[in-house]
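Asks: Here it is: the structure, laid out below.
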Amino acid sequence: METRPSSSSSLSPATNLNLDRLKVLKLLGKGATGTVFLVHDSVSDSSVSSPFALKLVDKSSASSLRRARWEIQILRRLSDDTNPNPFLPKLLASSESSEFIAWALPYCSGGDLNVLRQRQNDGVFSSSVIKFYLAEIVCALDHLHTMGIAYRDLKPENILLQESGHVTLTDFDLSCSLNKPTRPEFYHLSDPEPDPNPESNLSHNKKSLRIFRQKKKKTKSARVNPITRRRLSFSGGERSNSFVGTDEYISPEVIRGDGHDFAVDWWALGVLTYEMMYGETPFKGRNKKETFRNVLVKEPEFAGKPSDLTDLIRRLLVKDPTKRFGFWRGAAEIKEHAFFKGVRWELLTEVLRPPFIPLRDDGDLTGKVTEESGFGIKEYFEKLKTPPLPLPHECSENNPFVDF
């Protein structure tokens, strides 16, 4: 029997959330499967000293409900872990009514990595900033894989910044449980050795890449048929055949329907790193079909001088998952790459200072919320279901749409 995780929050994990007591401070986000609010408990936390994020899903959608329950199950596993990872979320509490299923998570006041990148000069991160965030993301993925969980939804929007400036992965509804494959401890990759050249000036990467692409020929065509599913037999490991993920981050093996395992996360890490470096993903096309074709046949394009960073990206974006960086020895291969030289992996949260520390929330919520502030969860959804009032109009014989 699963137990609820302990928490230092004002919430009591041993009991369900009482949605009637929760007051919404603001809407944090709204997606296809649910809505995320910043809330506080109006009874136990009337001064709003401990606001938290609440993800709420309407149970009218069977698919959304199934994914919500699965995400809560994954979050409970992460929270019950005897050795929790600082870059993965902690489930504070959950609740289910006849209409909704909801769960509470610590509030990450820094927003997501995509918004932060867009605020930078030229919309890209420097090499040192990329190294900081990648190191923490690699540790988070390593922890998930050790638990037999493939994340399958790595993208900037799902990487949140805690109040401390460190990252947290979010949204686990597309994740899956796999048995970790048995692979040789050491495996020699045929990819080129890391380039000794010093790293290029990343502030000019975006412009250089645009000029570089003008000289490139069009990629050859490839048949894309994501509907087809073929299950391959892989000794010592388990693979999933489900077609999930964000178009620009989906790996070649998923598009081909070959089945996939933890290597899809290392592919997505390569796409993420490329986007952090250049401000755009490497395989984006004019539509989904062209994007998938690019993923299958196109090689990533790099501007400027080769560097340890571009070498890391190239190794992660190998189309054959069995030759991809991280396939045989997991995160250990990636941590040993020259780009991460000098990183003290066991002391990430203690040694390195985050490059960006979130400012206090716009409204400085603590201690400034009155009894009338905020609105109830159910009140919010009732308003959504209320049809809008008709627009006022004048009765005129020239207006054929006027009802009498």
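Start at 1 and count along the chain as shown; that gives each residue its number.
Keep in mind that glycine also has a Cβ here, set from the backbone N, Cα and C atoms.
Sharing the record's features from Swiss-Prot:
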{"type": "ACT_SITE", "residues": "D153", "note": "active site, proton acceptor"}
{"type": "BINDING", "residues": "L28, G29, K30, G31, A32, T33, G34, T35, V36, K55", "note": "ATP binding site"}
{"type": "DOMAIN", "residues": "22-340", "note": "domain 'Protein kinase'"}
{"type": "DOMAIN", "residues": "341-404", "note": "domain 'AGC-kinase C-terminal'"}
{"type": "REGION", "residues": "185-207", "note": "region 'Disordered'"}
Asks: I want to verify one value. Collapsing DSSP to three states, which class is L28 (ATP binding site)?
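Replies: In three-state terms, L28 (ATP binding site) counts as strand.
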Asks: Between L28, A32, V36, which of the binding-site residues has its C-beta surrounded by the fewest other C-beta atoms within 10 Å?
Replies: A32
Asks: Give me the non-local Cβ neighbours of G34 (ATP binding site): same chain, 6+ apart in sequence, Cβ-Cβ under 8 Å, ordered along the sequence.
Replies: K55, L56, V57, D58, S64, A68
Asks: Which secondary structure state does DSSP assign to D153 (active site, proton acceptor), in the simple three-class scheme?
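Replies: Coil, per DSSP.
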Asks: Using Cβ-Cβ distances, find the residues under 8 Å from K30 (ATP binding site) that belong to the same chain and are at least 6 apart in sequence, listing them in sequence order.
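Replies: The answer is V36.
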Asks: Roughly how many Å lie between the Cα atoms of the residue listed as 'active site, proton acceptor' and L28 (ATP binding site), rounded to a whole value?
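Replies: Roughly 19 Å, rounded to the nearest whole number.
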